[in-house]
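Q: Mind looking over this structure? Questions follow.
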């Protein structure tokens, strides 16, 4: 038992040293965070993360522990992103726009880049009702869906430091807008009708486009919502000619400099 007790004492000492070093590292992270904010640089830099991992692995003397160290450091880097985003962005990042604008996929990119939780309103509704959006419209009608959507947005809007991806018609209801803007900055992912049509023309899950999947109907529906999107948005993000990563980077730059 004496030998075991001695080993436990050694572990305790290691833990003290690790905690001290973690505190020191995050003190430096805080300074980096302030510098990035002053310079308008993005929080997330994928290349930098891989550089850190490679450098750290080179410091591992025993090959048996390489994967362990790599796993721990990925967690440290993820936690660092979350720590920075919570301090830089103590509010929600809300994505609005027409169907096919890229809200869901851009939301996931932002969530990964910033270490923020993501809430996709349509996905939450599908889970809550155990049904697809198309089936909800078919079985219960649009008014029923909008009521569930309103309840979901009211609940999720209470979050802070989260990415919220909204359905295309969410902002047509004023209470949704008020709730989303209370703790959030709203980004309109803007796309032209031609772009939207090309992105969703083979998607049969859009209830408002059932039997009307054509450019003229998309143009008409989008024109009805265009002014609303524009008036609600704090920022407008062009998406027609940009990749998901570029859109994500553009949003982050606006967040850091705003």
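Quick reminder: no glycine exception, Cβ is built from N, Cα and C everywhere.
Curation plays no part in TrEMBL annotations; they are all automatic predictions.
According to TrEMBL, the record shows the following:
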DOMAIN    1-88  domain 'Chorismate mutase'
BINDING   100, 101, 102, 103, 104, 105, 206  ATP binding site
BINDING   104  Mg(2+) binding site
BINDING   122, 146, 168, 225  substrate binding site
Q: On the Cα atoms of 100, 101, 102, 103, 104, 105, 206, which are listed as binding ATP, what is the maximum pairwise distance in Å?
A: 17
Q: How far apart, in Å, are the two Cα atoms that lie farthest from each other among 122, 146, 168, 225, the residues recorded as binding substrate?
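A: Max span of the substrate binding residues, Cα based, is 18 Å.
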Q: If I take the Cα of residue 122 (substrate binding site) as reference, which of the binding-site residues 100, 102, 104, 105, 206 has the closest Cα?
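A: Nearest in space to residue 122 (substrate binding site), counting only the binding-site residues, is 104.
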Q: Taking just the CA atoms, what is the gap between residue 146 (substrate binding site) and residue 101 (ATP binding site) in Å?
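A: Checking the Cα atoms of residue 146 (substrate binding site) and residue 101 (ATP binding site) gives a distance of 20 Å.
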Q: Could you tell me how many residues in the domain 'Chorismate mutase' (1-88) are helical, how many are strand and how many are coil under DSSP?
A: 77 helix, 0 strand, 11 coil
Q: In whole Å, how far does the CA atom of residue 104 (ATP binding site) lie from that of residue 225 (substrate binding site)?
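A: Approximately 19 Å lies between the Cα of residue 104 (ATP binding site) and that of residue 225 (substrate binding site).
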Q: Non-local Cβ contacts of residue 225 (substrate binding site) (under 8 Å, 6 or more apart, same chain)?
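A: Result: 98, 168, 169, 171, 172.
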